[in-house]
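Take a look at the structure below.
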Amino acid sequence: MSRRTVYTLLLIICIVGFWLFENFYTPDTYSVKDKSKKEEKIDNILYPSSTYGNIVSHEYYTFSYSEPHEQAEWVAYSLKREHLTNDDRRRPYFIEDPEVKSKSADWRNYRGSGYDRGHLVPAGDRRFSEQAYNETFYTSNISPQDRDFNAGIWNRLEQQVRYWCKKYGDLVVITGGILERGLEEIGEEDVDVPRYFYKIIYRETADGVEIISFVMPNQESDLPLQDFVVTLDEIERQTNIDFFYEQPKDWQNQLESRVELSNWKF
DNA sequence: CTGACAGAC
DNA sequence: GTCTGTCAG
């Protein structure tokens with residue numbers, strides 16, 4: 001074999017190798033290494049209190065992990081108009097969250113449990129970039145949900161949120177299961193199955209701030225979404241989480257005790 | 001959109 | 001164990 005042939009073969013091997021690496025290698029993390037690029041971070045003032053002192057930020061969402069329940073007690077993210085894309089993406093696998101020091105639950109806890117691996121930050125809200133999409137597949141972002149609930153009324157609520165974002169503009173969304181004592185548990189790691197899920201949507205208007213919040217049982221329902229609207233005070237009572245706790249007390253008192261349906265078109 | 005699952009490797 | 005194609009609400 002001539003020298004020239006050998007070099008040509010080596011070059012081809014390198015190109016093919018790189019191509020295989022690019023297309024088939026999946027890392028054990030979906031995060032970027034460069035933490036200085038967290039441009040999507042929400043104003044700290046909007047984060048809820050953390051019951052377990054374990055707050056983690058990814059590039060496109062932040063959450064508080066509850067080790068005893070093996071899931072997040074809340075996740076928070078900002079949803080902007082430019083996020084509302086329908087980019088076609090390949091579903092990755094659920095993996096443990098490397099940022100959760102105590103290790104987030106393995107996805108196998110859910111296998112054969114009868115419950116869905118239900119996203120808290122919806123994958124459908126994060127289609128604008130591959131990393132944003134993949135980040136929602138950490139097991140720190142899922143909770144056991146009834147199949148018909150997840151694909152049904154919970155899915156309809158998530159679509160309603162996207163509609164509001166399109167109509168009103170940027171939103172902040174906070175969501176999670178209501179974590180209590182004595183819940184049903186699944187898998188070897190005893191992942192708790194919430195009986196209720198909540199969702200809080202915040203937006204700024206010319207006059208100030210509007211908030212709408214929901215609590216729904218972990219089961220399918222034919223009722224309209226409006227039937228599940230509650231005050232934020234009610235969610236705080238049920239979760240023992242203080243949402244918007246860094247805001248002034250009179251700000252909280254004014255916004256958290258009322259329901260203003262007229263400002264949210266269904 | 002929301003997912004599970006069987007079967008191939 | 002990991003991945004693809006197929007199927008269902």
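Using the three backbone atoms N, Cα and C, a Cβ is placed for every residue, glycine included.
Keep in mind the model is a prediction, meaning the values are calculated, not measured.
Some features that TrEMBL has for this protein:
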ACT_SITE  A:His119  active site, proton acceptor
BINDING   A:Asn150  Mg(2+) binding site
DOMAIN    A:57-250  domain 'DNA/RNA non-specific endonuclease/pyrophosphatase/phosphodiesterase'
DOMAIN    A:58-250  domain 'ENPP1-3/EXOG-like endonuclease/phosphodiesterase'
TRANSMEM  A:6-25  transmembrane segment
Can you give me the Cα-Cα distance between the residue listed as 'active site, proton acceptor' and the residue listed as 'Mg(2+) binding site' in Å, rounded to a whole number? 9
By a three-class reduction of DSSP, the residue listed as 'active site, proton acceptor' is assigned strand
Have a look around the residue listed as 'Mg(2+) binding site' and count the other CB atoms within 10 A of its CB, chains all included. 21
Mean pLDDT across the domain 'ENPP1-3/EXOG-like endonuclease/phosphodiesterase' (A:58-250), rounded to an integer, is what? 96
CB neighbours of A:His119 (active site, proton acceptor) within 10 A? 22
